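Everything on this sheet refers to the single structure shown next.
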Amino acid sequence: MAIDRRREAAGGGPGRQPAPAEENGSLPPGDAAASAPLGGRAGPGGGAEIQPLPPLHPGGGPHPSCCSAAAAPSLLLLDYDGSVLPFLGGLGGGYQKTLVLLTWIPALFIGFSQFSDSFLLDQPNFWCRGAGKGTELAGVTTTGRGGDMGNWTSLPTTPFATAPWEAAGNRSNSSGADGGDTPPLPSPPDKGDNASNCDCRAWDYGIRAGLVQNVVSKWDLVCDNAWKVHIAKFSLLVGLIFGYLITGCIADWVGRRPVLLFSIIFILIFGLTVALSVNVTMFSTLRFFEGFCLAGIILTLYALRIELCPPGKRFMITMVASFVAMAGQFLMPGLAALCRDWQVLQALIICPFLLMLLYWSIFPESLRWLMATQQFESAKRLILHFTQKNRMNPEGDIKGVIPELEKELSRRPKKVCIVKVVGTRNLWKNIVVLCVNSLTGYGIHHCFARSMMGHEVKVPLLENFYADYYTTASIALVSCLAMCVVVRFLGRRGGLLLFMILTALASLLQLGLLNLIGKYSQHPDSGMSDSVKDKFSIAFSIVGMFASHAVGSLSVFFCAEITPTVIRCGGLGLVLASAGFGMLTAPIIELHNQKGYFLHHIIFACCTLICIICILLLPESRDQNLPENISNGEHYTRQPLLPHKKGEQPLLLTNAELKDYSGLHDAAAAGDTLPEGATANGMKAM
C-alpha cells in the first residue's frame, strides 16, 4: 500500500495522464512500440541507441500500450539495414556498386558548375581604350582578386573606390623611364574624381583567369556597373538556396529519382541558355534557375548515396564524392584556358549533364525510401530487380523479407513532409544545431579567406590568380583528408567538435592576438613588426579555412545520417540552404565595399562558441542504422562524449532499464514481502 500511495503521488493514480516523454529523447511506451529499434546497433562504435520493444504483459497477452502498433507494418520490413540490405548483399552486390559509381561521376560536373564563378565573373584589370596600358598603372583601374574560391564563397575583390593608389603609384614611377607617355601619378581621388576617371566610352581588359573574354569584359561591368557582378554572384547562390529548400520537400513526397531527372533536364535548358545571354540581366536571371536545378541534382545524389550504403561505408563513400568534386575544382583552370571564351566555357560545363539523361533507364528509385514510406508493391518489384541484377536466388531469403512484403502489399503509402519535424522533441533540435553549424562554418570561411588574401601586396605568391585559386583548393583537399582520419577515431560528433574548436581558436586569436601585436609593433624596442603580424594573420587564416571547411562538410553529412529517411531530403535541404546563406555573406560584404567586415567576423566568431556548446547535444551516429521514420529519429539520444567507466551507473536510466520495475506493484498487492533493499524504483545498489 505504501508503494501504491507513492505511485499516486507521482502522478500514476487512476484518472491521471501518463508522464510525458523523457528529456533524453525516449518516448512513452505506446509510442515506442510503433518505433522500436530496427536492428539495434550495427556496430560497437556508436553512442546513440534506439529503444527496444516493450515487454509482453505479465498475463501473457500483448502489453496494453502496444495496441497502437497493430496498424504498423512488420518491423522486419522497416529494419532496412538489418534485414533488407543484407538480403540484397549489402554493398557487395555488383549492382549496388554500379549505382554508387553512378553517383560519383556527376560530382565532377557539379564541381565544374560550383567553381565557374571564379572564371566567368573574375574582375580583371582594365584601362581606358586608346590611353595605353600605362594608364592602368596611373590609378585609372581596379585590380580584382578573383571570384569564387572554393565551394564556399567568393574571395574579396578590391572595388574601384578603394584601389591601392600608393602601390600603383610606386609601379608607375618605376616604369616611367620606359613608358614616356605614362601620365604622372595623381593624388588619391575622392568620390567625385573616381567618377570622372570612369568617364570612358570603351575599355581594354587584362583578364587573369585564362579567358580572353568573360562576363565582366563583355558587358563592361566596371565602375558604375561593377555592382552588377555581385548581383550575378547572388543569383547563383540564391538559386541554390531556394533549390535546396523546394526540391528537398518535393523529393520526400514524390521520390528522389523524379526530382533528379527533372533537375537534369532543366539545368540543360537553363545552363545552355546562359551561354546565349544578350545582357547581364538575362545572365543573372538564368543563373538563378541554373542554381535551382543544380541544387536538386546535388541534394538527390547526396541522399541516394547515403541510402545505398551500409552503416560502415557511408562516410568514406561520401568523401570519395567530395574528392571527385575537388578534381573538378583543380581542372577548372585548364578547362578555362582551353575554352578561352566564357560562352564556350559555360556550354562545356553544362554539356556533360547530357550523359545523365541515361539515368532515367538505369538508375532506380531509392529502395530505402520506398520501404520507409510503405510503398511495398513498388519495393517488391525493385527488390526482385536487384536480385536479378545481382544474380541472386530469392530462395536464399533466410529472414523472410519477401513473404512479409507480400502480406503488406495492400497497405497505403505514408509520406511525410519536413514540417512534421516541428512537433518532435529532439529531432528538430538536432537539425537546428546542424543548420547553425553549417551557416557558421561556411560563413566564417570567407572571413579567413579575405584575411589571407588581404596580404597579397606583401606576399608576392598571393598576387597571382592561380596561386590564390590553388591555395584555397589545396586547403580544402587537406581538410577533407584530415576529416577521414579524425572521424574514424573520434566519430561524427567528436570530429565536428574538434574542428569547431579549431575554428573558434583561429578566429579569436586572429581578432584578439593580432590587435595586441599591432599595439606592441608601434614601440621600436618591442621586437614586433608588421611583418610578424602579417605572418600570424596568414597562419591563423590557413588554420581557420582548414577547420571551417571541415565543419561545413561534416555538418551536412551528420544531418544526412540523423534525419529519418521519410524526411531526409527535406532535412538536407535545410542544412544546405543554411550553408548557402553563409556563402551569401561574401558578395554582400563585397557589394558594400567591405564595410562591416570586422563586425561580420566578430558575429561568426561568437557563433562558433555557441556551436561548441550545442554540438554536445547531438547524438553519435557512427556505425548506427539510419532512422527510417520520425519515431526512429526521436530515439537517437545524446550520450556523454566520453564512455562510462566500468561499473559506473549512468544518471539517466533508459526505458530498457525501467521496464522490469512494473512487477513491484503486483508483488505488493499479493502481500508478498519485498526483499531487503527494494524500493519503488528498483533495487538499491549495495
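In case you wondered, yes, glycine gets a Cβ from its N, Cα and C as well.
Pulled from Swiss-Prot:
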type	residues	note
REGION	1-62	region 'Disordered'
CARBOHYD	Asn24	N-linked glycosylation site
REGION	169-193	region 'Disordered'
TRANSMEM	234-254	transmembrane segment
TRANSMEM	258-278	transmembrane segment
CARBOHYD	Asn279	N-linked glycosylation site
TRANSMEM	288-308	transmembrane segment
TRANSMEM	315-335	transmembrane segment
TRANSMEM	344-364	transmembrane segment
TRANSMEM	467-487	transmembrane segment
TRANSMEM	494-514	transmembrane segment
TRANSMEM	538-558	transmembrane segment
TRANSMEM	569-589	transmembrane segment
TRANSMEM	598-618	transmembrane segment
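Comparison of 258-278, 494-514, 538-558 by number of C-beta pairs under 8 angstroms to the transmembrane segment (288-308) places 258-278 first. With a cut-off of 8 Å on Cβ pairs spaced 6 or more residues apart, the transmembrane segment (258-278) and the transmembrane segment (344-364) reach 3 or more such pairs and are scored as touching. The transmembrane segment (234-254) makes no contact with the transmembrane segment (494-514): fewer than 3 of their CB pairs lie within 8 A, with pairs spaced 6 or more apart in sequence. Beyond the transmembrane segment (315-335), the same-chain residues lying 6 or more positions past its ends with a Cβ under 8 Å from any Cβ of the stretch are 100, 103-105, 107-112, 114-116, 118-119, 150-151, 209-210, 301-302, 305-306, 308-309, 345, 348-349, 466, 469-470, 473, 476-477, 480, 483-484, 487, 492, 553, 557, 560, 622.
Note on the transmembrane segment (494-514): residues 437, 440-441, 444, 447-448, 451, 483, 486-487, 533, 536-537, 540-541, 543-544, 546-548, 550-551, 554-555, 558, 601-602, 604-605, 608-609, 611-612, 615-616, 618, 620, 641 of its chain, located 6 or more positions outside it, place their CB under 8 angstroms from a CB of the stretch.
Of the ranges 467-487, 569-589, 598-618, the one with the most Cβ pairs under 8 Å to the transmembrane segment (538-558) is 467-487. Here the transmembrane segment (569-589) has Cβ contacts under 8 Å with residues 152-156, 230, 233-234, 237-238, 240-241, 244-249, 251-252, 256, 259, 295, 298-300, 302-303, 417-418, 421, 431, 434-436, 438-446, 450, 552, 555-556, 559-560, 563, 595-597, 600 of the same chain, all six or more residues outside its ends. DSSP assigns Asn279 (N-linked glycosylation site) to coil in the three-state reduction, outside any helix or strand.
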